[in-house]
Every structure is written in structure tokens, then in C-alpha cells.
Amino acid sequence: MRILSGIQPSGSLHLGNYFGMMKKMIAYQENEDLFCFIANYHAMTSVTDGNALARGTLEAAANFLALGMDPERSTFWVQSDVPEVQELTWALSNFTPMGLLERCHSYKDKVAKGIAANHGLFAYPVLMTADILLFQSDRVPVGKDQKQHVEVARDIALKFNNQYGEIFTVPEAEIDDEVATVPGTDGQKMSKSYGNTIDLFLEEKALRKQIMRIVTDSTPVEAPKDPDRCNVFQIYRLFLDKQQQQALRKRYEAGGMGYGEVKQELFETVRDFFTPFAERRRELLADLDGLRATLARGADKARQAGAKTLRKVRKKTGLAY
Ligand code: TYM
């Protein structure tokens, strides 16, 4: 089965990205045909500093590779190294009703927040559709915030197939209930744009600061506490198996445990979880040409896979004459 997903290099990657998508993608390499990319075209909708985008792209790639993405076994590349996706975007745009895009929550939310809408932001889901369809993806593991975008991809694939014949695999989103929406330090969805993230690979001091800002209520130390309403627990549980979660629940419910204590434990847990991968990440970022070469090989593989689809599209639409 072909599994594909992408991640934007706009700012640091965080625990929401890790548990919502990266962890699953890395695990899938064992048995599936995995396609994974750094969505730098998409990041242009929010990052306008060229140096920041370039640096963010290299860092996102290094993070993924350090955490276990295997570029030999999987196909791992940077979106803009396979510009064919833009050609497909154009073809698909002609099968994308305005209303379909106007209904997209992430677009509507941004506009509601006062972000000036431009065509890139509006057409974002069409580019995402092209990412998915170019590689004939069966399944797309994402967090819940991307569910609607994968539905858009399905709609467009069906419309296009309806016109030209069975060209595209109609993809399915894969969303894991447990990690569909990882909460941030304020209890809302963890998101770069809300400033409530706990980032991957932070220095100790910065990590402690992010964890200490997790919002808790004012229940006194002695009193029993409700883990289901505690932001610290909701993040901490991601690192624990069922038994460990149960044990932590009991400590909450027994009282006598302060939020400061559990935050300190969470800090140590997050730090210890990522530390074994930090050295590899440092090595990758110390040899940027090596990293670029790895990404270039990934782009070659992706290009070959995409070329087949694009040939069919060109033929059926009449672009090939
Ligand atoms: P992006 O970069 O915002 O996020 C990458 C992945 O992380 C997931 N995620 C979360 N999951 C659970 N809880 C959270 N708090 C959380 N925050 C982020 C996202 O759902 C996503 O799966 N448009 C995509 C990138 C993209 C893409 C694609 C994905 C471009 N083309 C094609 C799949 C297929 C995005 O902005 O993800």
C-alpha cells in the first residue's frame, strides 16, 4: 500500500506534528511503501523570509531523518524539488469548484483571524491534492486538522476520473483517535500559529520553559485532581503506555501531587525521549551538503514515480499533442 504525507517547514516542529504524523510515518516504513516530503511550497503561505524557509526546510528534514526516516527504504524529498506537482495542480484546478475551497475550515479560520487572504492560501488544498494524487497514494496519515483537505483531494480525484477515466487512486485519510488533536500548552490544538507548542529538540532551558507554561487550574496540591481535565496529563499520556497512564491517573486522583511535580516529570520524559536522536540530528545539520545530496536522491525517486501519473494526465487532457 502506498502511504504518503507531508509536513510544512514553517517554524519548529512540535509534539503535535510528531504524534499526529511523524511517528506513524516512521513506523510505516517497516511494511509499507512510504512517501514523505517537506512541504515548502505550502509553507510559502506563511513564511516570506527566504533564509528562514531554506533553513526551516533543512531542519525539518534533519529532524525527520534523525528520528528514523530511512531515505533508502522510503521516498523522502522536498516538495519544490519535484516541481511537476505544480503542473498537476493546474490541471486539477480546472476540476475544483470555488465552493469546495470556500468551505475549507483552515482557509476560513485564517481569514476570520484577519490574515489577508491571497490566492496561495485559497488554492492550498489543490496543491495538497496534487501532492497526494501525483503519487497515487492510497492512504494519507494526518492529524484531524487536515481531514477536510484529504476529503477535497478525494472529491477532485473523483471529478477528474469521471471526466478522463480511472487515472487517480482515490485516497483515504488516516486519523488516529488517540492523537487526532494533540493539545498545546493552553489546551487548544497545538499549533505554531497559536504559540502553544512544545517543540522537538529544544535545549533544556527552552524546553523547561515551554513545559512550565502549560496552563493548569488552581486545585491545591493536597486535593484530588481530574487527569482528563488537565493539560499536563493530556500531553504526558502520549509518552506512556496504558499501564503507565493508569498509574499516573491514580496519582492524580489520590491527591498530594502538585502540578509542578508532574510538569517536572513531563519535562524529564520529553527530554529523555528525544535525547538519543539529538546527536544524529547535529551530525546531519553539520553536513548540509550531505543532507542536500540525500534529499536530491529522494527527489529523483519521487520524480520517477510522479512522471508516470503526469504522462497519463498529459495524454488524457490533450496537453500531449
Ligand atoms: P502541517 O505541517 O501543519 O502539519 C504536519 C502534520 O502534523 C499534524 N498536526 C497535528 N496532529 C495532531 N495534533 C496536532 N496538534 C497537530 N498539529 C499538526 C497535521 O495534521 C499534519 O498531518 N497541509 C499539511 C502538509 C501537507 C500534506 C500534503 C499532508 C502538504 N501536502 C499532502 C498530507 C498530504 C500541513 O500543513 O501539515
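Cβ from N, Cα, C; glycine included.
Positions annotated as ATP binding site by TrEMBL: GLN8, PRO9, SER10, GLY16, ASN17, GLY143, LYS144, ASP145, VAL182, LYS189, MET190, SER191, LYS192, SER193. In the three-state DSSP reading, SER10 (ATP binding site) counts as coil.
The L-tryptophan binding site annotation in TrEMBL covers ASP131. Residues within less than 8 Å, Cβ to Cβ, of ASP131 (L-tryptophan binding site) and separated from it by at least 6 positions along the same chain comprise LEU4, GLY6, PHE37, ALA39, GLN79, VAL85.
Annotation comment: TrEMBL describes 9-17 as motif ''HIGH' region'.
Outside the motif ''KMSKS' region' (189-193), and at least 6 residues removed from its termini, the chain residues within Cβ reach (under 8 Å) are 10-12, 14-16, 46, 145, 181-183. Annotated motif ''KMSKS' region' per TrEMBL: 189-193, in sequence order.
In the vicinity of ligand 1, defined as a Cβ distance under 6 Å, the following of the binding-site residues SER10, MET190, LYS192 are placed: MET190.
Long-range Cβ proximity for GLN8 (ATP binding site), meaning a same-chain Cβ under 8 A and a gap of 6 or more residues, is found for ILE38, ALA39, ASN40, HIS42, ALA43, SER46, ALA60. Secondary structure from DSSP puts MET190 (ATP binding site) in coil. In the structure as shown, the Cβ atom of VAL182 (ATP binding site) sits within 10 Å of 23 other Cβ atoms.
Just so you know, the Cβ of ASN17 (ATP binding site) picks up 24 other Cβ atoms within 10 Å once every protein chain is counted. Per-site Cβ counts within 10 Å over the binding-site residues SER10, LYS144, LYS192 peak at SER10.
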